[in-house]
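Before any comments, here is the structure.
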Amino acid sequence: MKKYVILGIILLSNFCFIGKIDAKDFVVPSADYSISDQEVTGFPYSSVVYLSKKFPAGNGSRGSGVVIGRDYVLTAGHVNNGWETVDIIPGLRSNNTAPFGRWTGDREKSKTSPYYQGGYGRDDYAVIKVNPRKNNDGSYTHIGDVVKPLTLLTDAANHSFFTGDNLALVGYPSFNGRTQHFSNYNVTKIKGVYTIYGMSRHSGGLSGGPLLNTAAQVIGPYHGGRQVSAMGHPKVNEFVLPWGLNQEMSRVYVCPDKSEWEIKRKQINPEGSYVEKKNGDTISSAELKKASEVKPGYRLTKLTDGVNTYDVNNSLKMLIGGLTLYPKETIANRYQIKFDGNGGLGTMDNQAMTYDQKTTVSKNKFEKVGYQFRGWNMQKDGQGQGYLADEEIQNLSPEQNGTAILYAQWQADQESATVSYIDDTTNRILSIDQLSGLYETRDDYATKSTIADYLNQGYFLVSDAFPSSGLAYDKPGVIQTFEVHLEHQISKKMNTKKVSRTIRYTYEDGTKAADDVTTVIYFTRLEIINEVTGDTKYGAWVPQDGNAKFDSIASPTISGTTPDYLKIDAINDITGETNDMTSQVIYRKDVPSSIVGENKEKNSLPNEKKAGAVSAKAASSKTKSLKTILPKTGESSTFKQSIIGFLLTCLIIIGGISYRNLRKTF
């Protein structure tokens, strides 16, 4: 199903030529159907109204109509006659709900065609004046500010429908309850320009419903039976405008293209350029063109509303309705290119151009002694858009019959030079400065600042071949080359590190037994840094005095105690990567001699790893050398064993129990 379109609130002038768009552009279903409750709130169905009338005798009837102004509804003449009050409901839904609200009609200001005769379809039209609805806050809402008024076609000479056109009849027939109904009609007979015959018969309620063309413009209201009263009557404007519509303001919108037109034609007072006047006032061709948004480089000749074609050189007259238009026909502007020698000698003819067409620029015929031609530019000083010789050009001027000027661009014969900055470490070029200047001139270029930048980056200067007095362009046709050589600066420094071993001497309760003994080995290594890349290399760690081991250290003698380690062994192959070390020696009180003598053999543990390193005194005690710290449970074991030894001695004396068996038991 194709929906139809609202086009504004302006009427077409008799002075405007209106062409016809092929009927095939309008597509409607082949069968009638009911408008859904969702569709009825959209464009253009929301602009079709349900009329509920009450008569003085207390009876009532129904009809249909369409919003054509801010405060006006078009309907059939016979629908307007006789009512005392009328409720006007746009977009009424099937469940009798009014999504946009309800309005009432003004009996005194509602008018019917003076030509209407009861029972005849001709001139069966009327306009109901709608009272603005008062809101709770005291403000008023106009029906045409809520739903979009549809355009009313009243041009007698160009009624905008033809035999064979498909049209849409929309309204609220009684047989369909409160559901809006759509039926299509293919025009087969037009009697003059006043009445269309051959409509399908429908029940009451549809009278006054609008017949719409493909752009949702109103052709006229449905009379009933098989007729629609077309509004192309010569006297329509004479009567309709004075009914109050000539005091309403309407607008003509001209969109830049069809896609924007598709959007704006459905909106109430959309943004954009427009011409706004009272219905009936004349819109000049100049006003219409001024409001038109046309693509640069083109001039507008014809506009369209999706159905009709309008010549922009003719005037329009604001009637009832409105138009939202977009360009149907534009013509590309033609202009001339004028060539200026800009100091060169010679002449060139102008070049004719058409907007949006590419053309190769004319060949240069100017000459200037001592200079080379370098192309064209839109500005004399070369600061505008430039073009090379033989380049394709387009769109230099958007104006019809306009003139664009291209200025010849010249360059004096010149020499050039290069200064290369070379990294000798990596054998690559760091940068190249391109220099140029006129022959027999000097260049103020210097290498000092660039070299300083590289020195700050970690380079050192090897050589600079650029002349200290500056560059002279005195070698015609020769590119002078200069080289500045640099190398990476390498920094060296010595790293130092120490590795220590600490021996702690404590009693069993953790108190200090003797001063700690700390031995330190110092290492050094070479660090080499590339100041440009930041790369760093390291040498091997080397002991400063050539010693890379910790010597064996004997535990000091403390009277009345015995250390659990007689010495701390030597450790070889210490490197700069070795972590600091800590060893601990625990001193325990000596066991009474009576117990020691009996247990001498059992308390003396072999020191297999440290054979020959134990003193004579330590031979009768449990002693050994140490590489790591013993756990605390080991530190308290000597005391426990002394108590157990004493108890075992008592048991041997009393019970004659073997010491060896008791030892095993414990």
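Note: Cβ is positioned from N, Cα and C throughout, glycine not excepted.
A quick note: this is a predicted structure, and the numbers were derived from the prediction, not measured.
The feature active site, charge relay system is assigned by TrEMBL to H78 (among others). Counting every protein chain shown, the number of other Cβ atoms lying within 10 Å of the Cβ of H78 (active site, charge relay system) is 23.
Following the DSSP three-state reduction, the secondary structure of D124 (active site, charge relay system) is coil. Within 10 Å of the C-beta atom of D124 (active site, charge relay system) sit 31 other C-beta atoms, taking all shown protein chains into account. Residues or ranges marked as active site, charge relay system in TrEMBL: D124 (among others).
Positions annotated as active site, charge relay system by TrEMBL: S207 (among others). Packing around S207 (active site, charge relay system) is summarised by its Cβ count: 27 other Cβ atoms lie within 10 angstroms of its Cβ, all protein chains included.
If you look up TrEMBL, you'll see 416-488 marked as domain 'Mucin binding'.
The domain 'Mub B2-like' annotation in TrEMBL covers 492-590.
The transmembrane segment annotation in TrEMBL covers 643-662.
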Next on the checklist: Between H78 (active site, charge relay system) and D124 (active site, charge relay system), how many Å separate their Cα atoms?
Outcome noted: 7
Next on the checklist: Within the domain 'Mub B2-like' (492-590), what mean pLDDT does the predicted structure show?
Outcome noted: 95
Checklist entry - Once the DSSP letters are reduced so that anything not helix or strand counts as coil, what is H78 (active site, charge relay system)? => result helix
